[in-house]
Amino acid sequence: MEPSTINSSKTEDHHNKILSHHDNPPPPTMQLQRSKGGLVTMPFIIANEALERVATFGVLPNMTFYLMKEYSMGVTNAQNLLFYWSSATNFLPLIGALIADSYLGRFLTIGFGSIFSLLGTIVLWLTAMIPKARPPPCDLLVSSQACKSATTAQYTILISSFMLMSIGAGGIRPCSLAFGANQFDKRDNNNNNNNMKRVLETYFNWYYAAVMISVLIAMTGIVYLQDHMGWKIGFGVPVIIMFFSAFLFFLATPLYIKQNVINNLLGRFVQVIAVAYKNRKLSYPEQNSGYHYNKGSEFIVPTSKLRFLNKACIIKSPEDVKQDGVAVDSWSLCTVEQVEELKALVRVMPLWSTGIMISINLSQSSFPLLQAKSMDRHITKRVEIPAASFGVFTVIALTVWLIVYDRVILPLGSRIRGKSFRIGTKERMGIGIFFSCMAMLLSGIIEHIRRRKSINQGLLNNPEGIVAMSAMWLVPQHCLNGIAEAFNAIGQIEFYYSELPKSMSSIATAMFGLGTAVANLLASVILSNVDSITKREGKESWVSSNINRGHYENYYWLLAIMTCLNLVYFIVCSWAYGPCVESWSKKMDEKDGEMELENVS
């Protein structure tokens, strides 16, 4: 699961700043504008993303089986393809956010994203409906002969469905939350800032609840349809769901508040780098007055860290600045604020890179799926959990931990200490890496026991056979993954928000998704190398399509070792980074006797 995003506090700050009161009666055009937005638009916006997630998450859990059985792919090729798909799905929201903020606006970006997602689910459904759209039937798991691989045209159709859904997610996911918050951006005499905060808090709660429920429905209901009614219905239902997602969003078009686009923050970074290089031979000014800064900015002079970037804001001559304080050419002179924004981003990058390894661990979907498929999944004689639904335990563990942390641990810690208590963002990130390491270690132990039992029961050459071992043994590793994600993912997002300037809220939101995208590409590299190295000299690959002949436990333990090394790397990066903004704020508040800590999670 992608933890989606925790950006309520920053969005609230943005909207509270633009709220104002007017004593004079508004003109007719303003009265028309005030009739738009508000709570009436929330069901349409929330339903759009919730249904989109049901449709796209619903086709993902069982996709490994679909690729292996219908496209005759080995487990390595199937998992690599899913890695690429997940990488694109996590990277494109960054592009979507930049397009929305710089060109199209959020309404059109969500609209186009909904259309692309609908087209993607339709194309995937057609691969199941049209026999010629995929290779002749041949189950790679049970066939003793080589299966005929898909043609270039068949692969193109399949991959185009993935790309269309990724493009759709890139348009919907980065914009929905902010677009919903825009609907409360009404200059109304009857609304004050406190009321607006309460309304926004309610909206965010409903939004995250809807996203969480949609993931659970996808991993249970849609998976059940695919297991019991086949691919045609299992892929057809997401098409219907995605149609209603787009239909409901466009249905409320006359009710939406559509804000204009804003400047591209990425372009501001490029300007700093270009101007700093252009001015690389300039000497640093001896007085602070030699730097260009915006009036009212908190940055008057640049900091000494990453000093070479300071040359981007050096005023070479008085003619470089207009009388109103604006640079004549933004590609020749930047502001101190621009420089400090880029510095803040560069400083967090080492700690950002430590989150890649945990995302690699969380992206391992095919192997737990094959493990569950080969084990006894019955709860009772008649009730059986689908193999692709075991990921639900990750979601449940994440949700339960967040509730326990917010409602039990924080109040209890505050009561014991006699003052407000919370675990710092960097500490939570480190704890998450530790739990992820434990999850991979336990996964290898359980797989070692499962494989030994399968061999003892004569199932070495029968990957379709069911081992006399309950699949509930897999639940602890899923729970550890959920706890690791709750600590590390949310800790990361809070860290970016607290350390980056307020003007970089959109970048803070996108950084976690970008890390997940990079992690999926690296996961593919790791898997491919493990497969090619371990099957040399005619040996069976660790990640063989036959789970009983392979050694998945060794692969898990390799990931555990890499995660342990990543934990050491995190400790070094955390030490080099120094104290966080939240740590300095905490010290100042304690000195004044008033400690106000915001509980973002």
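Just so it is clear, glycine is given a Cβ too, placed from its N, Cα and C backbone atoms.
No curator has checked TrEMBL annotations; they are predicted automatically.
Under the heading compositional bias 'Basic and acidic residues', TrEMBL lists 10-24. Annotation comment: TrEMBL describes 1-33 as region 'Disordered'. Positions annotated as transmembrane segment by TrEMBL: 82-100, 107-130, 206-225, 237-257, 383-404, 429-446, 507-527, 555-578.
Contact between the transmembrane segment (107-130) and the transmembrane segment (237-257) holds: at least three of their C-beta pairs are under 8 Å, each pair 6 or more apart in sequence. Remote same-chain residues near the transmembrane segment (206-225) are listed as 1, 4, 42, 46-47, 49-51, 53-62, 176-177, 180, 233-234, 237-238, 386, 388-389, 391-392, 395, 399 (criterion: CB distance under 8 Å, separation of at least six residues from the stretch ends). Looking at 82-100, 237-257, 429-446, 507-527, the range that has the most CB pairs within less than 8 A of the transmembrane segment (555-578) turns out to be 429-446. Recorded stretches compared: 82-100, 237-257, 429-446; the one with the most Cβ pairs under 8 Å to the transmembrane segment (507-527) is 82-100. Beyond the ends of the transmembrane segment (429-446), by six or more residues, the same chain brings 351, 354-355, 357-358, 361-362, 368, 371, 423, 473-474, 476-477, 480-481, 483-489, 491-492, 495, 552-557, 559-560, 563-564, 566-567, 570-571, 574 to within a C-beta distance below 8 angstroms of the stretch.
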